[in-house]
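Visitor: Below you'll find the structure I mean.
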Amino acid sequence: MKESYKEMIRLWKRLYVDAFERTTNVLPKVRGVLLAYNTNIDAIKYLDKEDLEKRVEEVGRENVFEFIEKPSEKVSSLEELFAGILRSIKYGKAMEWFVENNEVRAYLKEWGWDELRIGGQAGIMANLLGGVYNIPTIVHVPQNSEIQAKLFVDGPIYVPVFENGELKLFHPKEAIEREEDLIHYIYEFPRGFKVFDIEAPRENRFIANADDYNARVYMRQEFREHFKRIAERVDLAVISGLQVLKEYYPDGTTYKDVLSRVESQLNILNRLGVKSHFEFAYTANEVVREDLISMLTKFTSVGLNEVELASLMQIIGDDTLAQEVLHADVFAVIDAMHLLMDETGIERIHFHTYGYYMALTQYSGDEVRDALLFAALAAAGKAMYGNLEKMIQIRDALSVSTNERAFPLIEALEKEFGMEDGVIDMTDRQLAFVPTKIVASPKSTVGIGDTISSSAFVGEFALMG
Ligand SMILES: Nc1ncnc2c1ncn2[C@@H]1O[C@H](COP(=O)(O)OP(=O)(O)O)[C@@H](O)[C@H]1O
Ligand SMILES: [Mg+2]
């Protein structure tokens, strides 16, 4: 190993330890975080060959197989359901189809699950920020059914309830309503999974989405009517879940109806001085994507991965840049981040990819880098344990080695921009770069991106004091 790499290992080890200690010390300073909008139930089932074959036979094997190569992209019958599952297995592809039919929904519920987990970005982040970081967290739950409420861990996690016009905060379990179960049925299969003559080339999952609420970014009345009073209770807000928006809906409404409501809530957050982060997720519809870029102007911060940044460059950059970003070419990513900042004026852009993170900010301070390091520990802890429950699991991630593949990138950035300890002073902007910790055989990768972005955003705010 190069002598300079040994030094880098030592340097980053020290930076990681310091960042962990500093950040955990200051997290209690955060008065409150608001998380909106998507929360749901993830029902995970590990597919069983015999059970699946029997069910396919019951529905009619020929009918199901006929649909495998004619994907309907939605589920309105049992034939389509099983064709979707088999197609996902056949190609080893992650797929998510919306379940339109109530009888199919009843069938899915009857079929059952092996595990239930809180789902949706807001829901996942609530269990992290409230449950692990112990930060008072207000979460938007489109529906507060009993099954879902019980998936929130204990801790300062709240839903707002208005009683005689007075705002009260309750743990979801203390505010259960007879409302709908918003279930995302996740059918997982391992590589090599065999069913009939189909064999999975890789592990993956098929999701049958039986959730009308998050699909439309439904907002509860409390949030529509009393948003200001909820927002007054927090320092920070993290918004997510807008990626599902469609251009038009059958009832004549459009995505703009949702976005205008979100915008008025952002105006309130901005008037109150609440810093807001938008967690991007791949947004299939280009018209919606373009409007999301315009809306970034109202946010303080945005978090995205290489696929998402590339998809924005197709709109505000060019195809070459988009392609380079997609391959996480570090100089292209930096150009793209600058372009996105020029275009939107947003103060902070946090890019995450496999192996490194970067944050471009319109302010400076080592705190930005330290928050990224803390986030990388949280991500590695999550990958190691599958689910984070205790701060100590994040500390354990200190023992995972730092990604040495990022070291040549560090050398290149030091040479090109005079980066020091992961920080580049760009006069009116600062760029922070951190090599992350990669867990070789992760227990689960669901929700790691949300863990990374929310940890860094909240951590940075606490560190900046
Ligand atoms: N094995 C792993 N160890 C550590 N971090 C990982 C591992 N696998 C993935 N990650 C991190 O998780 C991030 C996933 O975020 P993202 O692509 O936004 O997906 P999602 O939002 O669905 O979780 C990657 O960018 C990478 O930084
Ligand atoms: Mg993500």
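Every residue, even glycine, has its Cβ placed from backbone N, Cα and C.
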Visitor: Record says Glu279, Glu308 bind Mg(2+). Source is TrEMBL. Which of Asp114, Asp154, Asp428, Asp450 does it list for that same site?
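Guide: As annotated by TrEMBL, Glu279, Glu308 share the Mg(2+) site with Asp450, chosen from Asp114, Asp154, Asp428, Asp450.
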Visitor: According to TrEMBL, Asp42, Gly120, Gln121, His184, Asp450 bind D-glucose; identify which of Glu69, Glu96, Glu146, Glu420 is listed for that same site.
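Guide: The candidate from Glu69, Glu96, Glu146, Glu420 that TrEMBL ties to D-glucose along with Asp42, Gly120, Gln121, His184, Asp450 is Glu96.
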Visitor: Of Gly120, Glu308, Gly449, the binding-site residues listed, which put a C-beta under 6 Å from ligand 2? Please answer none if none do.
Guide: Gly449
Visitor: Among the binding-site residues Gly120, Gly449, whose Cβ has the fewest other Cβ atoms within 10 Å?
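Guide: Lowest Cβ count within 10 Å among the binding-site residues (Gly120, Gly449) is Gly449.
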Visitor: Which has the fewest other CB atoms in a 10 Å radius around its CB: His184, His352, the listed binding-site residues?
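Guide: Fewest other Cβ atoms within 10 Å, among the binding-site residues His184, His352, is found for His184.
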Visitor: What whole-number Å value do you get for the CA-CA distance of Glu308 (Mg(2+) binding site) and His352 (ADP binding site)?
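Guide: His352 (ADP binding site) has its Cα 10 Å from the Cα of Glu308 (Mg(2+) binding site).
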Visitor: Taking ligand 1 as the reference, state which of the binding-site residues Glu96, Gln121, Glu279, Gly449 have a Cβ closer than 6 Å to one of its atoms.
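Guide: Going through Glu96, Gln121, Glu279, Gly449 in sequence order, those close to ligand 1 turn out to be Gly449.
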